[in-house]
Structures are given as structure tokens and as C-alpha cells.
Amino acid sequence: MGRADPEEGQLPAPVKPPDGGWGWIVLFGCFVITGFSYAFPKAVSVYFKELMKDFHVGYSDTAWISSIMLAMLYGTGPVCSIMVNQFGCRPVMLIGGLLASSGMILASFTTNIIELYLTAGVLTGLGMALNFQPSLIMLGTYFDKRRPLANGLAAAGSPVFLSSLSPLGQVLLEKYGWRGGFLIMGGLLLNCCTCGAVMRPLDMGMKRKMEKAQDKYEAKEMLPIGGKSEEGISTTDGTKKAKKAKKKAKKGKKLLDFSIFSNRGFIIYTISKFILVLGLFVPPILLVNYAKDTGVPDTEAAFLLSIIGFIDIFARPACGMVAGLKWVRPHVAYLFSFSMLFNGLTDICSARASNYTGLVIFCVFFGISYGMVGALQFEVLMAIVGSQKFSSAIGLVLLIEAFAVLIGPPSAGRLVDALKNYEVIFYLAGSEVVLSALFLAMATYCCLNRGKEKEPPPEKNPSAGGGSDTEEAESDIQEADEHSSDNHQPAQSTDNTVVAASEEANHVAEEQSGEGGGCPRGDGGVLTRDGCNTDQTVERDRF
């Protein structure tokens, strides 16, 4: 016998999240990926004026570059889920980094706007999508108890990169032009490959343990025939059965798990998130133009977005720390509802802001609430579906959000053109966000919490899927240890027990035939005739 294949010999049970260690490197990689994914489509807008001059197109034509990037980021969610379930997170992220970089490099050699759509829009957007979703999945596998804090820190990458990529793009535009800027930006996106390389699968340590255990079993098989040899054979048989079970599990693994739609919590979250996205991105998109229409100078109007980004940097980690508290984490869905309600009321209350001071106050409160929403959105989804189904859940949620992204901001722009009034748009966007908050809170309370109160308390079963990922992993490891200890029992003792039981049964039968029938007396009756008590059992000690 040779060494077992580590890929086939890995345990199918989930591994306990370390909540630290290499997880902090994974967190940093997720921070960088989140920054590029959310900030890059907005940072590209600094090149739009030069593109309009070179290609003789309008602003709406160049704005489609950012729109296509965001559409690819959201709309390709199921494709990313299928690839992650089939090949794993690290290979998908490496491919995504190459696609994102090659898209911007090829865009620097384009000669018309259509080629820009295909390179900077489709290729770069697809590459960032293949990086963003797997990074969140890996973050969920490395963190359990500290997962809210980890999500908050990773989400802070968006405002940090937005505040740095936009000035960097302006500098590159002035020194090298838009073609040189695109080329250098493509080089920066190669860092996504570095982030993908550090996404080490969590079960690598478990594979090494399996290899060491297999070596021990092979050593026992080489011993002289006896108890230890039989012990090694029985344990090796158990290992073979585990391999077959693992192969069957791989064959039956779903590329995209649609069973999550049977989860009421997932349905509630998806509907609420769709309503939220309809109005969440409208205020920051229209804020600068709204400020200019009220008489604010261009420089001060652009500074409003910087205020939102600066506040957002600190709001996301702080909200993650609050969500990780013991008395808050079980009710994280209500905290998410509060953050959405806070954001919606901020939009409504600031609709009549007519001076720069009022807009600055709006930006401060909007930055806090927007950061809370960004820090909690994926934490709530992980808490609802668990880390095992998160890869499929996030892909489907992003696909549904893609429709909301394509409906919300463009519809708001058309209303502005038709009504020439930003106040109505802020009222409408705030009302949509408030509606999503109320729906999530009321549906969670009525459909989920009330249902749990009516249901009887479930029996404690490690395979039932209740509890955190850490508890599930600990129970699976304990079961594996018990199974291993059972396999270490000598097979010879079992054979002796069977032989002794058969001899005792024959002896009792002979006594019965000599007495002429009836039931055998004593506690050890095995055979029964008419009128015998069939409830009598044989005590194991008599064997």
C-alpha cells in the first residue's frame, strides 16, 4: 500500500475556523480586493473628460464604462459561485486578477469607445468579480467568533481605496495621459493575483494530519500478525470507507445550491436588499450636482464626497466591533435594520438642505449610516445561510442586486431631467431605504422569531446544522476521534465474544430439550417456545 492521496484523504467535515493566525493575512487580502472592486469603477471617472475629447462622445457614453464594470461585478455572481464550488477560491482569484489587469492594459491601446466597453468594462469587471466573491468566502472560513470585526475591517477597503485611487488617477492623467494611466492601473490590478495567492485553503493542515496518520497505519500493517496488525487493518478499512464517502460527496456536490431559497431568512434578506439597493446609491451619485445647483463652488462640492469617504473609513470597523459583542451578535439582523433606517431618515431629513453647512452635516451622518450598512450586509447573510452555503447565496444575491442597480440610479437620473428637482429624488430614495429597513425588521420578528418560539426545542445533534461553524467543526472532530478509537479495538475480541455466545446458546438449548419443553430459567434465556416471555434478554456479562 502507498500513501493515500491527500486530496482524496481529506476529511469532509468542516474545519474549525482559527479566528486569527493566517486569517489576518487573508483579511488583508480581502481588504485590498474589496477596495479595488468598489472603488475602481468610481475612480475611472477621472479619465472621462479626456476620453470624451479623443473619441468625440458624450458623458453618458463614457459613463457606461463604470456601469458595465458594476454590472459585471453584480451580475456574474452565479458564475463566480459555480467556479468557486468547482475549482476553489485560490485558482478563481488568480484568473480574476489576470483578467482585471489584462482588461485595463488592453484598454490603453483601444481606438474607439466600443473597444473600451469590451476591455475596461467587461474584462476588468469580470476579473474584479472573480476576486471579490471568493475573498468574502475565504474570510468567512477563517473567522467565526471575530467574523463581524473581520467583515468591518475588510469593508473599510472601499473608502480607503476610493480616497487614494481618485487622486492617483488625476496625477497619472496629468503626467502620462489616459493611455499611460490605464496601463499603470492595469499593473496595479496585478496585486489581485498576490491577494489570491495568500488565500490558502483551510483544510491543508488537516490533509497533512491525514498523511501522518496513514503512515502510522502502514507501519502497523508491517508488524507480525497479531492484535496490532489486525488493529491497523481495521483502521485502514475505515480510512478506505472514508475515501469512498468523500468521492461520493464530490460527485454529488452541487455547482449552485438553489436549496437556500427554502430558507425563509434568505428570502427575507434578498427582498430587503433589493429594495435597499434601489435607493442606497442615489444620494452619493447626485450629491455633487445637487450642491452645484444650490450655488456651491465646484471644488467644495467635490469635497463633499471626500467627507463621506473619510467618515466611512472609521464607521465600518467600529460597526463591526459593535456587531461582534455577545449581546449584539444574536440580533445582528435588527442592527442591520437600524443602520438602513438611519440611512433612509438621513436622506429624507436632508432633502431640503439649501446651503453648504447643511450638506456637510448630511455627509457626516450619511457616511456613518452608509458605513454601517456596508459593514453588516455580508455579515447578516453569513449568519443566515452559514459558511457552507455562503458561496451559492452571495452569487444569487448579487445577481438580484444587479437588477436593482440597473433600475435605481438610472431612474433617478431620468426623474431629475424630467422634474428638475432634486428634493423629490432624495425623498424617494430615503423612502425606499426606510421601507427595506422596516420590512427586514418586521419580517424577521414575525416570520422567524415567532416561528422559533412555536417550534419545540430541537435535540442536540452535531449533524443538525444548528449553532456556529466552530461548534459544528468541534463536534465533527470529536466524532472522528471516537470513530478512530473504535477502529483500534482488536478484531479478535469480537470473534471470541461471538463464539462464547453461540456455545452458551447451545448449552441452554440442550437443557431445554432434556426437560421436555418450557422456557429456560434464569436471566439468560435466549431460545423461547410457546408461553415464553420474549422480553427476556441475555446479559453481556454472562458471555
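Just so it is clear, glycine is given a Cβ too, placed from its N, Cα and C backbone atoms.
Automatic prediction, not curation, is the source of TrEMBL annotations.
The transmembrane segment feature in TrEMBL is assigned to 21-40, 63-84, 91-110, 116-137, 181-202, 266-291, 303-325, 332-353, 359-378, 390-412, 424-448. Per TrEMBL, the feature region 'Disordered' maps to 451-543. Residues or ranges marked as compositional bias 'Acidic residues' by TrEMBL: 469-479. Under the heading compositional bias 'Polar residues', TrEMBL lists 487-499.
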### Task
Spell out yes or no: are there three or more C-beta pairs under 8 angstroms between the transmembrane segment (266-291) and the transmembrane segment (303-325), with each pair 6 or more apart in sequence?
yes
### Query
Hey, does the transmembrane segment (390-412) touch the transmembrane segment (21-40), meaning at least 3 C-beta pairs closer than 8 angstroms, sequence gap 6 or more?
no
### Query
Quick one: do the transmembrane segment (181-202) and the transmembrane segment (424-448) reach 3+ CB pairs under 8 Å, ignoring pairs fewer than 6 apart in sequence?
no
### Message
At a C-beta cut-off of under 8 Å, are there same-chain residues at least 6 beyond the transmembrane segment (63-84) that contact it? List them, or none.
### Response
37, 40-42, 44-45, 48, 92, 116-117, 120-122, 124-126, 128-130, 132-134, 137, 255-256, 391-392, 394-399, 401-402, 405-406
### Summary
Between the transmembrane segment (390-412) and the stretches 91-110, 116-137, 424-448, the largest tally of CB pairs under 8 Å belongs to 116-137
### Task
Would you mind listing the long-range same-chain contacts of the transmembrane segment (424-448), meaning Cβ under 8 Å and 6+ residues beyond its ends?
264-265, 268-269, 271-273, 275-276, 278-280, 282-283, 286, 333-334, 336-341, 343-348, 350-351, 408, 412, 415-416
